[in-house]
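Look at Swiss-Prot and you will find Cys50-Cys65, Cys57-Cys70, Cys64-Cys77 tagged as disulfide bond, backed by experimental evidence. Residues annotated as leucine amide in Swiss-Prot, with experimental evidence given as evidence: Leu81. According to Swiss-Prot, the signal peptide annotation covers 1-21.
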Amino acid sequence: MKASMFLALAGLVLLFVVGYASESEEKEFPRELLSKIFALDDFKGEERGCKGFGDSCTPGKNECCPNYACSSKHKWCKVYLGK
């Protein structure tokens with residue numbers, strides 16, 4: 001019973017996201033949706049002077065915020081795990 005309720009709720013959420021995506025014509029839809037859901041606007045790199053998760057960066061320069069490192073392979077800031 002709990003599993004069917006969870007699946008029904010997950011289906012409704014998925015239907016909402018797909019419906020919203022089909023109406024949206026902006027190219028930055030995924031980031032916009034995450035911004036609205038998790039209020040990521042407070043964490044944009046322009047406001048804090050350093051680059052956050054997923055922002056493009058140049059390896060060797062210390063552009064990423066603390067706890068993030070510039071990936072030399074992908075050239076974007078990712079979580080630094082200390083390895």
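Backbone N, Cα and C atoms are what each Cβ position is placed from, and that goes for glycine too.
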Chain-internal residues, separated by at least six, CB under 8 A from Cys64 (disulfide bond): Cys50, Lys51, Gly52, Asp55, Cys57, Cys70, Cys77
Lowest local Cβ density among Cys50, Cys57, Cys70, Cys77, Leu81, which the record lists as recorded positions, within 10 Å: Leu81
C-alpha spacing of Leu81 (leucine amide) relative to Cys65 (disulfide bond), in angstrom: 14
Neighbour count (Cβ, 10 Å) for Cys65 (disulfide bond): 17
